[in-house]
Amino acid sequence: MEKSVVFNSKLLPYLLLIPQLIITFVFFYWPASQAVWQSFLREDAFGLTSEFVGLENYTTLLAQPEYYAAMMVTVVFSSLVAALSLSIALLFATQADKNLKAAGAYKTLMIWPYAVAPAVAGVLWIFMFHPSLGTLARPLRFMNFDWNPLLNGNHAMALVVMAAVWKQISYNFLFFLAGLQSIPKSVLEAGAIDGAGPLRRFWTITFPLLSPTTFFLLVVNVVYVFFDTFGIIDAVTGGGPAGATTTLVYKVFADGRLGGDLGGSAAQSVILMIIVIALTAIQFKYIERKVQY
Amino acid sequence: MALRQFGAAAAVTVALALATPAHAVTEIQWWHAMTGGNNDIVNKLAEEFNASQSDYKVVPTFKGSYPDTMNAGIAAFRAGTAPHIIQVFEVGTATMMSATGAIKPVYQLMKDAGEPFDPKAYLPAITGYYSTSKGDMLSFPFNSSSMVMWINKDELKKAGVTEIPKTWPEVFEAAKKLKAAGHTTCGFSNAWASWAHIEQFSAWHNVPIGSKANGLDGFDTVLEFNSPLHVKHLQNLIDLQKDKTYDYAGRANASENRFASGECAIFLTSSGYYATAKSTAKFDFTSAPMPYYPDAKGAPQNSIIGGASLWVMGGKKPEEYKGVAKFFTFLSATDRQAKLHQESGYLPITKAAYEKTVKDGFYEKNPTLQTPLKELTNKEPTENSRGLRFGNMVQMRDLWAEELEAALAGKKTAKEALDAAVARGNAMLRTFEKTAK
């Protein structure tokens, strides 16, 4: 006869869940609800006056052409960063997965940039690409290429994308490498014996087997570009020139922190939150179907 | 026995503790944003003040950049832990002064504390920026500067420019010569785009940035810097940007070393750049007044200041306010002001300190330090040149710069860009007006 322990108390499961629930509530739901509440208020920076204004913050926001411009910038910025950082990291990971000499050192070095704070990463890239001071900008100008991220929006965009991608590659690399190492060698060897070349093996065996990792990274990267990149943008371009690198999250930061418009900034956060929730939901609903666990 | 001894000892200790005279030193917290050599100056000032008396102790704390410090102060106020004194940059003035209850106006502070205080002893070009339209001083000017034109004399000579240009057309001509002489990437340039081409430019030409004396007389001010003169100036810059006779150098001052490196031989930026120029520029340089358009009536008028002032936060004890007032009196002392000015390059805030520096013959050896003072006192300030006070000015400057960038990149015409800057700025002012009652 099988021995089993039965807990009769109906309360116990809830008791066991409470610590996790408290953490989720205090760190997620409470601040999020505060943001929602604040988005209906008009407050001065000091919090001396506070007035309920209903949806006014939202209507003012949606009447700004700059807000839609920031949305477009965000679409361009996030797709570039996510696509580049994922594909470059995958390339590096497949190379590091081979039997290399000094593979350990190579892997360690690859992970370093992740330890660099976003603002510092931004400053590093400024030093390299500032039109007149940058060590890498000088050769560009020397080759008669008019490199000018201070006025040319595309150059500025390229610069923040490079900085954001550079910073995210390490993280993606780490997960891809772990994913690659968990793919059984026997499957690949079987493919090789059947005469499949390295590329074919990669696309028909490795890539599908890696899909859970890829899917996880896709979700994480989208969240990264949406929320975590304003430090880089602030340090590199300050959202300029002429708003060419003002993403949605940078606008939240600029309006709330620099502009002291807490209500408008909160309204933007709420919209941003909805967008990211929707994106994540779409990813889980449609892309996850193609994932092979 | 042992226990009784202990009891007696304890009783004596308690009695002693109670008997100690209640000579508690009142601490005064001072949050500031000064780095490097200026940080040392702040600490030295606090030390000197603390050594000069025994009732108060000023404790300076560095809080990061100007916006960081201001935000730290605002957050601390919301949490009920604001410092006594906070250093706020000039563009934060409207935000601070609209926060009635969060701040204690300086004129009120001095009156309540019974400290001798004569607002007329201060340079009006400086205190005007931080006073109400009635002349009541709201915050205490600490580090002030103005915008000047830095000149690389060696390069100008090489390019065959014999005289330092005084007007904008002369600057354009000089820049063209510089460009022909090998300065292909930059004839002239400037830091602080909005401050240079909108704020200082307007004051220097005696044209309004906005109505109501640039916002000094009320928050219902409307921006007006899309006048024909402004459009003409921006159009000139757009034309010159095309072949880099003028080369835009960003919103803040990160590009200042384009001057020190020799790339830009004419460069407009803060007079506070002096210390850095002195230590990094390897050529003969000087500063000159900002250029003007000779056909603009009344130009040049006077320039306006930049920098930061000290705000006193509200809700503190009278005893603490007394200490703050004494500290401000200490800062205003003529010898101290004169010394501060001569060491740091910041402008002196009292008339007496300025006169003393002139009398000491200091400017004969250091003419560069007098340029901003000459600009500020060039004429009696008008409605257009007393200063400016716009809500959300921190972000407003970025917004203006955005439009300047769009124009210089050829995406908008000069008129379109300035109209957009005015319209977007006005929308921001109206939001601010609603919260600042």
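Cβ coordinates come from backbone N, Cα and C, glycine included.
According to TrEMBL, the transmembrane segment annotation covers A:12-32 (among others).
Counting same-chain residues at least six beyond the ends of the transmembrane segment (A:67-93), those with a Cβ under 8 angstroms from any Cβ of the stretch are 61, 110, 157, 160-161, 164-165, 168-173, 176-177, 179-180, 214, 217-218, 221-222, 224-226, 229, 243-251, 268. What TrEMBL records for A:67-93 (among others) is transmembrane segment.
Under the heading domain 'ABC transmembrane type-1', TrEMBL lists A:71-283.
Per TrEMBL, transmembrane segment is recorded for A:114-136 (among others).
Residues or ranges marked as transmembrane segment in TrEMBL: A:156-180 (among others). Outside the transmembrane segment (A:156-180) by six or more residues, the chain places 73, 76-77, 80-81, 84-86, 88-90, 92-94, 96-97, 107, 110-114, 116, 118, 121-122, 124-125, 129, 149-150, 206, 210, 212-214, 216-217, 220-221, 224-225, 229, 232-233, 236-237, 240-241, 244-245 with a CB less than 8 A from a CB of the stretch.
The transmembrane segment feature in TrEMBL is assigned to A:201-227 (among others). Here the transmembrane segment (A:201-227) has Cβ contacts under 8 Å with residues 74, 77-78, 81-82, 85-86, 89-90, 94, 164, 168, 171-172, 175-176, 178-180, 183, 187-188, 191-192, 247-249, 272, 275-276, 279-280, 283-284, 287-288, 290-293 of the same chain, all six or more residues outside its ends.
Long-range contacts of the transmembrane segment (A:266-287) within the same chain: residues 32, 35-36, 38-39, 41, 57-58, 61, 67, 215, 218-219, 222-223, 226-227, 248-249, 251-252, 255-256, each at least 6 residues beyond the stretch ends and with a Cβ under 8 Å from a Cβ of the stretch. Under the heading transmembrane segment, TrEMBL lists A:266-287 (among others).
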